[in-house]
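Here is the structure we will look at, set down as C-alpha cells.
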Amino acid sequence: MSGRPGYGPPPNSQDPFSLPQGPYAQLSRGGGYDSGSEAGDGYNSASNLNLNGQDPYGVRGDNESVYSNNYAASIDSHSGSFTDAPGPRGSKDPYPAWSADRHVPMSTDEIEDIFLDLAQKFGFQHDSMRNMFDFTMQLLDSRASRMSPNQALLTLHADYIGGENANYRKWYFAAQLNLDDAVGHTQNPGLQRLRTVRGHKGGKSASEKSLSSAQDRWRHAMNQMTQYDRLRQVALFLLCWGEAGNIRFMAECMCFIFKCADDYYRSNECQNKVDPVPEGLYLHTVIKPLYRFLRDQGYDSNFVRRERDHHEIIGYDDVNQLFWYPEGLARIVLNDKKRLVDLPAPQRFMALEHVNWNRVFFKTYFEKRSIFHLLVNFNRIWILHVGFYWFYTAYNSPKVYSPKFSQAPSAPMTWSATALGGAVSTILMIGATLAEFMYIPTTWNNASHLTRRLLFLLVVLALTSGPTFYIAITDTSKAKNQLPLILGIVQFFISVVATLFFSIIPSGRLFGDRVAGKARKYMASQTFTASYPSLERSARLASILLWLLIFGCKFTESYFFLTSSFIGPVAVMVRTKVQGCSDKVFGTALCSNQVPLTLSIMFVMDLILFFLDTYLWYIIWVVTFSIARSFSLGLSIWTPWKDIFSRMPKRIYAKLLATGEMEVKYKPKVLVSQMWNAIIISMYREHLLSIDNVQRLLYHQVDTPDGRRSLRAPPFFTSQNGNSLNGAYFPPGGEAERRISFFASSLTTAIPEPLPVDAMPTFTVLVPHYSEKILLSLREIIREEDRNTRVTLLEYLKQLHPVEWDNFVKDTKILADEAVGFNGIGSSPFGSSDEKGSRTDDLPFYCIGFKTASPEYILRTRIWASLRAQTLYRTVSGMMNYSKAIKLLYRVENPEIVRMFSGDTDKLERELERMARRKFRFVISMQRYSLFNKEELENAEFLLRAYPDLHIAYLDKEPPRKKGGEPRLFSALIDGHSEFDEATGKRKPKFRIELPGNPILGDGKSDNQNHAIVFYRGEYLQLIDANQDNYLEECLKIRNILGEFEEYSVSSQSPYAIAGHKEFKKHPVAIVGTREYIFSENIGVLGDIAAGKEQTFGTMTARALAWIGGKLHYGHPDFLNALFMTTRGGVSKAQKGLHLNEDIFAGMTAFGRGGRIKHSEYYQCGKGRDLGFGTILNFQTKIGTGMGEQMLSREYYYLGTQLPMDRFLTFYYGHPGFHINNILVILSVQTFMLTLVFLGTLNKQLAICKVDSLGNPIAGQGGCYNLQPAFDWIKRCIISIFLVFFIAFLPLFLQELVERGTGSAIIRLAKHFLSFSFVFEVFSTQIYSQSILSNLAYGGARYIATGRGFATSRTSFAILYSRFAGPSIYMGMRTLIMLLYATITVWIPHLIYFWVSVLSLCIAPYVFNPHQFSVGDFVVDYREFLRWMCRGNAKAKASSWYGYCRLSRTRITGYNKKKLGQPTDKHGGDAPRATWKAVLFSEIISPLFMAALFTVAYMFVKSFPDPNGQTPSPLIRMAIIAIGPMVWNACVLLTLFFFSLAFGPVLLSYFPKKFATSVAFVAHFSSLIGIIAFFEFFWFLELWDASHAVLGLITIIAIQRAIQKLLIAVFLSRELPHEETNRAWWSGKWHDRGLGSQAMYLPAREFIVKIVEMSLWSSDFLLGHLLLFIMSPPLLVPFADRLHATMLFWLRPSKQIRAPLFSTKQKRQRRWIVFKYGILYIFSFAAFAALIALPVLFRDHIKFNCSICSDI
C-alpha cells in the first residue's frame, strides 16, 4: 500500500507527527485545494501535537475566568481511557475492525492523540472530545468491518470533506473559494469573479480558473494527503459539529467554521502555541454569538416569544444562505468595521469572536403570509388548467362574443377569442413574476432575471391579446379581408405554444437558468436547491407516461363531460334579459341582468370542477400504477404465489442469512429452525400464541428409526397447499396471523443480499420523547379516566384482545403455580384444591391479571396493557428486538462461536451482547428527563434496568452563576450501565456537553432530535416516534434494509484517484422509507379510517411515488443516511412555526441536494394513530396548518419553480395538491350552493319553459324563459362533486383487495359505510381546508400534542361546539340554509346527497362522540350547554362561552403584551395579531362581497310585485331586519351599563356573586328576544312565504356577519391578557381591577365588543338548540346507544361497554337533573317549533294594519 500516494508512512517514521523543519516547511508537503490561488490555501499536512508530556487539561490560560466554566466531570472523565466502548467494560478491543492486526493506517491511540491535540488548540470541551472520538472510532469500525481500514478512512474523508458527494466540497466550489481562497483582500476577486485579479503573484490564466481544472487540482490535493491529515480533518470537522448546538441546522455555516478552523490549524501561529487554550473557548467565542443572534430573532431576553412573523425573522435558512455566495462572505464584518475576508485565511478563525453578527445577516427569502405563494410556486398548475379551460369554454361559448344581433361570431373572432387563453396564461405568469418580487430581496443580485422575464412576458401578452383588438374593430366592417382570419389563426397558435411553454418550462429556468445554467453565479443555487437525483430511464419513462395518461384522460373527459354540457346553459342564458322587474333604487339595471349574473357564477363553478377532475384522474392512475408495481414486486395476494408458506424456510435461508460468506457445516434446516423457533417463541412471549399454537409451529427434535436425532419441520410448513392460514396454527384474525402472513409475503420480493453480522454497518434508532406515557400505572389501567368514561382501560383492552388476555392469564397462573412449588408450600395460596372452587379463585386473574398484589405480578399486568397502548415502553421493547435479531443472526451464522464457549452460556451471551452493542444503538432523547416527577423517573429507571444498553439523552440545567445571568444547559447521556451518584441519587452521565443556550427554539421535536444527534453511532439512523412498535421477524431483515443504501460493495479504488473518483459519482441514497402497520386499525371506525389513510398514503401512494422519484421523507420509520443528512443540516428543520412538519423539510432538503429517496415494501414497523374524533382532527389541523407553512417556505418555491414538468406534477399532486384539492372541494360545495340560490331565485320568480324529450321548448308558451339546460347542468355538477368525494374510498378498497382479497375488501368498505365514515371524510376535508386557509391568512401554526389514548370518553356538547363551531359548524349551517332554499325552489332528488354532505359539516363531531345518544347523558349535556353559555361573567371560568368568543377574535385583534404580575389567559401567548392585508381580504372584503351577492339575489326576488300587488323596498327591509337587532342590543347594553355603573357598587356588597350574573342574563335574554322578534316581524313582512323568508334569512346572516367582522377588525384594539373588562362591564366596578389609565377608554371598546357579543351569543344559543333538535330523533329509537356504540367501536353488543356506575346519591341527583332539564328541553323544542309552525298554520288569520310595513 505504501506505493500509493497518501497511504505511505509519514516522513519521519520515528515521530509520526513531526513537522519538516525550516521556514518554508509549511508549504513543502504540498497539495493545496488550489495551489494556484493567492492565499495558497495549502491543505498540507503540517500538524504538531506539542503535548510535551503535559496533561493537556492540567494547564489553563489567563483567560480561564472568561472562558473556562469549571466543567463538572462526567462519569468517564476520571478514567484514562476516552472510549465509550461498545463492548463490556474492560473488554480488550472496543473497536475490533480497527485493530493492529488489520494493518490500520493509524492506531487508536494515535487517533486519540489527534483529538487531544485539537481539543487543546481550539478549546473544545473534554466530554465533547471524548464523545466525538468514540463517534469517529465506531464509524471507522463500522466501515472497516466491510472494507480495508485504509479504504474506510479514505471513504470517510471523502464523504465528510473531499469526495464528489461531500457537502463541504460542494460548498467550497459553490462559494467560489477556489477562484481566490481569500475571498477578500483589497479587490475581492470573488466578487469580480472571472476577471483577472492582481494579487501577490500576478494574474492567473482563464484555464487555471476554470471550474474543471480547479476540481482536478482539488482532487489531486486530496489524493496527496496523508491518512494522518485526512483523519485530522475529519476529527476537526466532527469536533466543530459536535459542539455547535443549534448551528448544526446550518450546514454551510458549519462548513465555513470548519474552513476557518482548518486554515488556522495549519498556520504557524497555531502550531507554535505551547499552552492549551481554555476548555470551552470554541463554544463561547464561535458558537454562542451565532446562537444568540438566532435566539434573539424569535425571543427577547426573558425568553418570551416576540410577536414577529416569519418574514420578519432571520431564520436558520437565511443565515445559512449567506455562506453560499462570495458576496455573502464579504458581508461578514468585525467590530472595527473590517471585513473578515480581508484578513489572511489563517487569522480568520481567531477573529470570529470579534464579528458583529447583527450587521451581517438579512432575509434571503420572505415567507410572507399570502395566497400568492400558490401562484408563484404552482403557476404551471394554474396555467395548465385556466389556460385550457379558456380554450375549451371560449370555443364552445360563441354566443358570449357574437355581435349583438347575430347568432354566431365570425371565424376570425372565434379564433381570436379562443386564442385569448394564451393571454390569460401570460397574465398568470406576469402575476407570478410580480408576486415573486415580493418574496425575493431585490438587492440580492437576483432580480435581474425577473425583470428580463417580465419584459418578455409583456411582449408575449401583446402577441396573444393585441390581435383581438384589431379583429374586434375590423369585425364590424363589411369589407372582405383575409388578414383578420390569418391574424386570428396565428394568434391562436402562438397562444397554444405560449400556454404549453409556460406550463412545461419551470419559471426558474427562464432568463437566468438557476437549474442548469453554466454561469458561476447560479452554482450555489444549483448545488443546494436543484441537484435533483436523476431517475433511471425506465422510471423516468413511467413518470412521463403516468402524466400523459392522467392529462390525456382529464382533457378528454373534461371536454365531453364538463364543457360540452355547459354549451346549453351558455347559449340560452348569456343574452337573456329579465322582463317586468323593477327595484325602487336601481330600477331594472340589476334585476334584468340576473340571468347573466347567474351564468357568471356557473362559469366559476365549472372552472373549479375542471381542477377537481385532474385530482380524480390522478388518484385513478396512481392507484393503477401502484397496483401494477405491487404485482411486479410480487406483493399482491393475486400474484400466483406457489406455496408461500411451504417455501418460507428456503426463503429465510436464502434471503435473511448471509449464506454467501458462511462455511456450510450445518444443514440449512438447522439454521432456519433456530430463526423460526425464535420468531414463534417471541410471539408466545408477547401472548399472541397459546402453548398449543406454539407446539404446532415449532421445529422439534425427534428420534429417527435408525436411532439418530433429526429435526421435524412443523406441520404448518408441510401441510400447506395454498396461502390460506388454518385456525389450528394461529388465533383466527389475530396479530400473529397478520405478522406471519406479511413476513411470508415480504420474502417473496427481491431484497438486497445481507452481509455477515460482523461486517454489517452500525446503526442507531433515535426516538424523541417529550411527555408521552412511558409505562401505564395500575391506577390508569383499572380506574376510569373520568366521569364521562364508561370503561376502564384494562376492560377495554381485554375486549379488544381477548385471545391475548387469555394467554396472559394462563401464563400468569403457571407462574403463580411455579412460585408456590418453588417456595415449597404444600397447598396453593392462589386457589383452593377442589375443582369447584378453583374457578372462583381464578376470577381475580381474569379480572385484573393477578391475585396477590406483589410488585412483579402488578408489573406484568402493567406491561401487558402498556404493550397494547401507545406507550414508550412498547416502542422500546419493539425496537430492542434489533438487539435480539443481531444476536440471533450472529449465533446462527457463526456456529463456531457457540462451540468456542461450549457450555459457558454467560460468556456466550456476553460475546453476543458485545456484537449487538457494536452494531446497534438505541437513543431516546428525553428532553424533560431532569424535570420528571417521581413516577416518570421510576418508569424511566425501569426501562434502563430492563434494557441496560438503552441510552437516554436529556437536557441538564445548571443555575446561573451570577444573579441575572443565563442558566447553563448541557446535553447529557446515560445508559443502564451508568453508576449512581450517591449525593443526588441520580445516574452519572457518560457525557455532559455544554450547549450554547436553551436548544428548544422551535416547536420542540426537531430541537430535541438535534441536541441528541451527537450521541448517535454508526452510519445510519432510523427515526422513530414514541408511539411505534417493531417485531423480531422484521428486525431480522435489518441487514437487507441497510443494503438499500447501496454502500455494501464500495469500490476498492481511492475516491481521489484519477481512475477511482468516477466510481463515486452516483447520487447517494439519503432516505429509505418503509411501510407502517397501524396497530390501531381494528379499534372502531375512526381508528380504521386513520389506518386506511396511512395504508393508502404511506404504502400505496408511496410505492408509486418512490418509483417515479416523488417520495419525500415523512419522519417515522424511515432510515436515513446519517452522514449525508448531518452534513446537510440535520435530520429535520427547526424554525418555529415554519417547520411545524419538521421531517418533510428534511426530505425536501435531501432531494434538492442530490439525495435519492427510496421506498421498501418488504419491511414494516408498527405505528399508533389517534383514535378519537377530536384527536384525529387535532392531528389533521396540525398537518393542515403545517402544509400552510410549507406553502410559504423557500423549499416549495425551489421545487415549484425548478423541477422538470413530470417531477413537478408528481411532487405537487403527491403533497400540496391533496390539500389544495380539499380547499377546492369545499369551495365547490359553497359555489354550487350559491349557484343553486341564484337559480332558485330564477325558478321561483320566472316562468320556465317546458321542453320536449329533445330539449326543445314546446310551442305556445308565451313569456317563458328557457332555462332547462341550466337545471340539467346542475345534475352533472352533483355527479362530479359526488365522484370527487367517492374517489377517496377507491385507494383503500383496492389496497385491501390487492393485499387481503375480495372478501376482506368488501367487508371493510361495508363496515366503513355502515359506520358513516363518509360523514367523517366530508368533515375532515373541511378541517384540512380551513386549517390551511386560516394559516395562510393569520398564521398561528403550532405543535398540537395529539392524544394517543383510547377514545372511550364522552365529550360534552359544549366542548365539541366550542372546538368545531369556527372551523366547520358555522359554515355548515350557512350552507344548510342555502340548501334549504334550493330544496324549496329547485328540488331534484340529486340534492339528497348534498343534504348528507352539508349535515356532515354540522353534526359529524356528535355522530362520532361515544354515547352521544344516551338519553340521560343527552339531557345532562343540555344542562351543561346552558351553563356554558351563561357562565364567566362574575368570575373567571375555565370553560365558558365568553372565553370561547374572546379567544376566537384574538387572531384578528392579537393580545396586549402581558405586564409582570398580571393574571394571564392560558392561551394568551398563542395568538399573534393578523396582518392588516390578511384582515382586509378575509375579514372585510370577502364577507362584504358575500353579503352584496345575497342582497342582489334577494333584491331580484323583491323586484316583482308581491301577492298584494305592492313592490317593497328590499334594501330598507334588509337594513332594518339585519341591523335592527344590533341597535336593540346597543340600547339594552347602554341602559344596563348606566344602571350597573350607578347601582353596581352598592348592590355588589349585598349580592357579590349574583349581581353581575343577573345583569348579564338580562342583556343576553333581551338579545335573544330581540333577534326572534325581528325574525318573526320579517316573516310577517314576507307574507309568510317560506322561500322568501329563507332567502331573506340567508341575506340577513351574511349582512350581520359582515358588520360583526368589520366592527372587530376596524374598531377593536388588542385584547387584554385577562377578562377583567368583561366583569367590570356587568358589575359596574371599573376601579381596583389593575386597568390603570386604560379604564378611561376601555368602556367604549367594551361597548363595541358587547354589541358584537350579544349578536353572536343569541345566534350561538339558537344554533346550539338547532343542532340538539337535529340530533334528537335517534333518541326515540330503542337501543340507539347500543347501535351507536357498535358503529363506533366495532364491538358486538354482548361485548359492549357497560353503563356507568353511580352511587345512590349520584343516581338521585342525576334523575332530578334529567327530569328538570328534560322538561325544559321539551319546552324549548315546542317553543322553537311553534315560532315556525304557528305562523304557517294561521297565516290567513294573522292580520296587522301596518301602513309603514307596506313601504318596506
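Each Cβ is built from the backbone N, Cα and C atoms, and glycine gets one as well.
TrEMBL: automatically predicted annotations, no manual curation.
Listed ranges 229-254, 1555-1580; the one TrEMBL annotates as transmembrane segment is 1555-1580. In the domain '1,3-beta-glucan synthase component FKS1-like' (228-337), the DSSP tally of helix, strand and coil residues is 71 helix, 4 strand, 35 coil.
Distant neighbours of the transmembrane segment (1712-1738): 1415-1416, 1419-1420, 1422-1423, 1426, 1572, 1576, 1579-1580, 1584, 1586, 1665-1666, 1668-1669, 1672; these residues of the same chain sit at least 6 beyond its ends, with a Cβ under 8 Å from one of its Cβ atoms. Per-residue pLDDT, averaged over the domain '1,3-beta-glucan synthase component FKS1-like' (228-337), rounds to 93.
When each of 413-434, 595-612, 1273-1294 is scored by its Cβ pairs under 8 Å to the transmembrane segment (454-473), the top-ranked stretch turns out to be 413-434. Comparison of 413-434, 485-505, 1273-1294 by number of C-beta pairs under 8 angstroms to the transmembrane segment (544-574) places 1273-1294 first.
Long-range Cβ contacts of the transmembrane segment (1520-1543) within its own chain (Cβ-Cβ under 8 Å, at least 6 residues beyond either end) map to 1555-1556, 1559, 1562-1563, 1566-1567, 1570-1571, 1574-1575, 1577-1578, 1581, 1592, 1595-1596, 1599-1600, 1603, 1625-1628, 1643, 1647, 1650-1651, 1654-1655, 1658, 1752. Remote same-chain partners of the transmembrane segment (595-612), defined as residues 6 or more beyond its termini with a Cβ less than 8 Å from a stretch Cβ, comprise 385-386, 389, 393, 558, 562-563, 566, 569-570, 573-578, 1221, 1224-1225, 1227-1228, 1231-1232, 1234-1235, 1238-1239, 1242, 1265, 1267, 1270, 1273, 1277, 1280-1281, 1284, 1496.
Beyond the ends of the transmembrane segment (1555-1580), by six or more residues, the same chain brings 1429-1430, 1433-1434, 1517, 1521, 1524-1525, 1528-1529, 1532-1533, 1536, 1539-1540, 1544, 1547-1548, 1589, 1592-1593, 1596, 1623, 1626-1627, 1650, 1654-1655, 1657-1659, 1661-1662, 1731, 1735, 1742, 1744, 1749 to within a C-beta distance below 8 angstroms of the stretch. Tertiary proximity for the transmembrane segment (413-434) is limited to same-chain residues at least six positions away from its ends with a CB under 8 Å from its CB atoms, namely 372, 375-376, 379, 382-383, 386-391, 394-395, 398, 400-402, 450, 453-454, 457-458, 460-461, 464-465, 467-468, 471-472, 475, 484-485, 487-489, 491-492, 494-499, 502-503, 507. Residues 379-380, 383-384, 387-388, 391, 411-416, 418-423, 425-426, 428-429, 460, 463-464, 467-468, 470-471, 1205 of the same chain lie 6 or more positions beyond the ends of the transmembrane segment (485-505) yet place their CB under 8 Å from a CB of it.
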